[in-house]
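Data block below; observations after.
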């Protein structure tokens, strides 16, 4: 890059000539990027050029891409870039240039729109346009701090998940773009660090990105008004006075305070969650699901939406009952009481539905009107309480008096009521604090509105409830007859002790039951109408309280349900996710809520359902409180609420309080609620929705895993707790399913399993590909229910990579202790240096104190040549296919995956020739199930060998039936050879297989050796069906087998006797795998033993489901790799599946308790 000139004058001739070469003809504009252009082009222009352009009047007109007609190519490229969410604006915030400065850009391009490079606007030769396109995304780069660099300054738009109401989604330059060589192909775009959204969130964000005409509410209209209307229910007017009569002023205040404490703690918790990031629509469901995950969120979301829908019916029936009572008072009965409630309720809910469907703006206006009526009714009561009217005294209202207050101070529970039963009746009046949060998607600033509006509503309503409790208890007696004649004569004044006696009334007959009294706090639910200045306003207040609560619930239920449907947690309800109009109104949800409400209105008896609804609300409150405690306990760096007035232990206490209140109100309903929540939780957990919301459950799981891993590292290993923790050299896991399946069978829920993959090759290692493969194949393992970790590494050669894994794989005590390899079936067909590498890996395992396990199937292990999996999952695979990789894998592009072929040799180590593909083969291969080919790719008929290989690769996925696992425990390696088959036969698929044990011995001690082994196995508590002592193990093998072995090793002998000493040494150094004559003679007895063992295996175990045999050891440096490989070959050939096992000679079994 050329450095800009420091001269303040016009740019130099050189710079101008460079511009002439780069700029198009005057008046022309390039139509788009050309393939040869680099995304990393930078402008060779001087600082002076930029300075002169600032003074040039013409620069103002060409500082930005003009907003031309639809067909304008520049506009088209902008729109394309926006559509891909890749709109880059690395502007110079310091204003070093007209294009970078905010003043120069029109309003439409202020927030992340595509802008031309400031240094590309004019050349010094006459204002010619000079464009530099980003060939990758059709965007333009600007200067940062006045220098040509694509490094970007911190900007909020880089942190958005996608298009959002507050601005465009921008993508900062990736580390690869800044760090990699310029001639390297840039990586594909994508969302970093798990910011990729689900289709539902994408759709929601796109809808939110259209702010024109959308109605958004502030904290007063959106939260405060709704919460106050919902909390002030009918209880305020028709039950509060009865509660004071039963519990007295003191305990009534205690009841109000207890309910307020629960709601206040929940309000604080709601505020903390709501201020910990951007809040979308969905209210309680959104808050809980994004905090605790989809399991709790999905279960609560469904019952919360249903509870709101049924609450509509409750409030409407309450309204209808009041109207029917008024009609009965004037004799205006239509049919009978129940049917009148149904008729009025149906008409009412239809009117409310019309208001809701008309839009949030109309609904908000209706709420404001209802709040005005409600506040007027409350003020009307308090004014009336100060106006003492003589005609009201016989009904128990005498005005404020200390004696009445003192008399009503204590409790007077009647008709079997208790403190908790009265509390249960009042508590539903305190609910409704989530009315504002439930429409979080319609709030202009939910983070500010929800805390301020909710907490202020709780404070105001709590004060009013306390005021009404104290006021009614201070001016109304508990019992009154309503008869003017119940006065006290002066003769009986001394015997009258009640507060009413002070005012000349004797209502003692009401208390002793000799007269029926229908007035006073205890007997008259409508006593507030009596006290008020104008009683019809109280009736209007009751109507307002019921209708406002019904309207709030009618709006809340569809909004919550719509958010739940968009997340696609439950099947068959996606139809309700669709929104209509500028506010994305859930019309379908309104109709569903209307239908549910109508069903319960027609029942007209909700006394049994009301407690369940209260419990549903309380369950939501409990989980919101628990969410805050859980998130604080997880100590995730992402938990940073801007609302600081919360405490994790207070939130936990709030959650426990909510659960206690649930059982206090109605224990049967509480049990039912818990059963429903748990059932839905289990269902969602079983379904495992494909969402990742960064829940506190994940954070706490990580913290616990970290804590337990560290704690485990501080404890010494014990024999009783030994577990086989296997490093399995699989290569790509789906290329050797038999190896993965067998090891998983004995490590599942017992020990660690790591699928190691060494990627080698001459190309530069692409570490981004490695990370992509790591996450992709981890998903593959999870999809196949294999409890294992995939760990790939880059290395110069296979042995070096294996050493990396042997040293570094695992964490703390969760480290492998056993290396598992596939047998190298094709060792005689390829380069013998691969055999040297293979055997060296086994030696390295023993050097690192690992055990070693080698699996051999006579058909082979590697099926990648059948499926095209030797080029599996190339790094250039389209990002859209990453989620489908488990089913279909694109390998059509060139990749460095060929470098993994040596690792194929390391595991099954078979070099079967790859099937030749036609040019039109799209290269897709299915990984599940194994026997099916991709429908799009031309399927080649499998030969018999490949068909057998595919069938063999699936044999460990099936139930094994009644067979045997033959254990040839010839050498004591610490017990690993015996432990693996024991663990295997404990699994469901191998349960019916019996263990048969074969040991070496002498002919004259067979019975003794059998009894000794039976005793040992019984002490180890390992069941066995038979013990066979091989007395003829040292018999010489058949001559034809010996001859076959010698013929096999002939090509690999050094034959040093036929060479000069120096030539022999030179050949041995260049080909260390060669077998010397001395070595062959020295280990002839051991060779004969391997041949003889194969004969015995053929005789005794040819029908076994699996053979587990001690792996023969070869002294490092003494036995050549070719000879050792020949031993393994002759020992294990032509047999059922066989695993050769050698522990690290540390005890892994014990008979001590």
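Positions of Cβ are set from backbone N, Cα and C atoms, glycine also.
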Looking at the ranges 201-221, 390-410, 453-473, 474-494, which is given as transmembrane segment in TrEMBL?
453-473
Long-range Cβ neighbours of the transmembrane segment (609-629) (under 8 Å; 6 or more residues past either end):
262-263, 265-266, 269-270, 272-273, 284, 287-288, 291-292, 296, 300, 303-304, 306-307, 310-311, 314, 424, 427-428, 431, 433-434, 600, 646, 648-649, 651-652, 654-655, 658-659, 661-662, 665-666, 669-670, 672-674, 677, 696
Stretch in 223-243, 419-441, 453-473, 537-557, 650-683 most in contact with the transmembrane segment (368-389), if contact is a CB pair under 8 A:
537-557
Best-contacting stretch, by C-beta pairs under 8 Å, relative to the transmembrane segment (300-321) and drawn from 223-243, 341-361, 537-557:
537-557
With contact taken as 3 or more Cβ pairs under 8 angstroms (pairs 6 or more apart in sequence), are the transmembrane segment (650-683) and the transmembrane segment (453-473) in contact?
no
Mind pulling out the one from 223-243, 341-361, 537-557, 587-603 with the most Cβ pairs under 8 angstroms to the transmembrane segment (419-441)?
223-243
In the same chain, who gets a Cβ under 8 Å from the transmembrane segment (341-361) while lying at least 6 residues past its ends?
215, 217, 312-313, 316-317, 319-321, 323-324, 334-335, 439, 442, 547, 550-551, 554-555, 558, 581, 583, 585, 587, 590-591, 594, 597-598, 601-602, 604
